[in-house]
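Per Swiss-Prot, the features are:
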SIGNAL    1-35  signal peptide
DOMAIN    40-269  domain 'Peptidase S1'
DISULFID  Cys65-Cys81  disulfide bond
ACT_SITE  His80  active site, charge relay system
ACT_SITE  Asp128  active site, charge relay system
CARBOHYD  Asn135  N-linked glycosylation site
DISULFID  Cys163-Cys230  disulfide bond
DISULFID  Cys194-Cys208  disulfide bond
DISULFID  Cys220-Cys245  disulfide bond
ACT_SITE  Ser224  active site, charge relay system
Amino acid sequence: MPSSTAMVPGTRGGWHCLVLTTAAALTQLMWLPGCCGSYIVGGHEVTPHSRPYMASVSFEGHHYCGGFLIHTHWVVSAAHCFSDRDPSMGLVVLGAHALLAPEPTQQTFSIAAAVSHPDFQPATQANDICLLRLNGSAVLGPAVRLLRLPRRNAKPPAAGTRCHVSGWGFVSDFEEPPPGLMEVEVRILDLSVCNSSWQGQLNPAMLCTHSGDRRRRGFCSADSGGPLVCGRRAHGLVSFSGLWCGDPKTPDVYTQVSAFVTWIWDVVRASSSPGSTGRSVRAV
């Protein structure tokens with residue numbers, strides 16, 4: 001079973017492994033009764049197609065990770081989703097709400113190329129970002145739209161800022177799929193405060209959220225790669241959480257997208273758009 005780990009201080013000056021809850025860690029168990037849950041915690045179902053930038057990355061017919069559309073040929077997702085998966089075997093579905101039901105709005109693509117950040121570190125989840133090039137051009141419309149990125153190297157939203165994270169993870173610990181795309185409101189947590197909860201393992205290119213109260217709210221496995229949207233821009237990309245999803249003792253951690261905007265567009269510009277017969281469109 002694939003998993004991701006981070007190193008935390010041990011009790012005798014050594015280091016112990018801390019298992020992180022990532023999309024890749026639990027999704028292979030998605031059809032086993034009683035497996036650990038992988039779901040948007042404390043959230044609600046959104047109005048169908050009201051988050052038209054959302055993408056589902058699937059393997060063998062099952063949702064595996066999230067992502068979001070930034071260009072008619074490119075989806076952003078998490079690098080750890082492909083640590084032990086062959087991207088060429090995956091599919092990207094756009095325009096979906098209920099993944100288990102056929103919808104005329106859905107557009108399905110194979111993955112022509114997957115470009116993980118060259119400095120991605122699986123052990124710590126540093127630089128956990130990947131670009132997926134579609135094998136065709138997405139047709140933009142009411143159910144399929146682009147999500148804007150923050151300005152390059154922009155400061156992250158201030159602590160306390162309300163943001164939203166969405167995904168198709170399970171809604172119970174017993175493999176119950178959601179009726180449709182789920183979303184939860186969270187608040188930005190100061191990185192230094194978050195870092196103390198994570199034993200100093202975070203870096204400045206990460207971002208944290210918490211519920212803002214005592215309720216468990218946040219993301220969990222199979223939501224990895226999805227966007228944290230603040231002010232209509234993707235400021236974060238779901239990376240990892242603690243053993244218990246939405247637990248304030250281990251705040252949710254994201255890749256801070258603004259730190260990678262230059263790299264993102266450098267990759268897009270360097271690669272020709274496969275199968276394109278017209279003008280490519282990107283979110284600005």
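If you go along the chain as it appears here, the first residue is 1 and each next one adds 1.
Backbone N, Cα and C atoms are what each Cβ position is placed from, and that goes for glycine too.
A map of Swiss-Prot features onto the structure.
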residue : record                           : CB count, 10 Å
Cys65   : disulfide bond                   : 33
Cys81   : disulfide bond                   : 30
Asn135  : N-linked glycosylation site      : 15
Cys163  : disulfide bond                   : 21
Cys194  : disulfide bond                   : 21
Cys208  : disulfide bond                   : 27
Cys220  : disulfide bond                   : 27
Ser224  : active site, charge relay system : 35
Cys230  : disulfide bond                   : 23
Cys245  : disulfide bond                   : 24
Applying a 10 Å Cβ distance cut-off over all chains shown, what neighbour count does His80 (active site, charge relay system) have?
30
Under 8 Å by Cβ from Asp128 (active site, charge relay system), same chain, sequence gap 6 or more
Ala78, Ala79, His80, His117, Phe120, Leu237, Ser239, Phe240, Thr255
Calculate the distance in Å between the alpha carbons (Cα) of Cys220 (disulfide bond) and Cys163 (disulfide bond), and round it to a whole number.
16
When the Cα of Asn135 (N-linked glycosylation site) is compared with the Cα of each of the recorded positions Cys65, Cys194, Ser224, which one is closest?
Cys65
Of the disulfide-bonded residues listed here (Cys163, Cys230, Cys245), which is spatially closest to Cys81 (disulfide bond) when Cα positions are compared?
Cys245
Between Cys194 (disulfide bond) and Cys245 (disulfide bond), the C-alpha gap once rounded to whole angstrom
15
Checking the contact step here: among the recorded positions Cys163, Cys208, Ser224, Cys230, which have a Cα within 10 Å of the Cα of Cys245 (disulfide bond)?
none
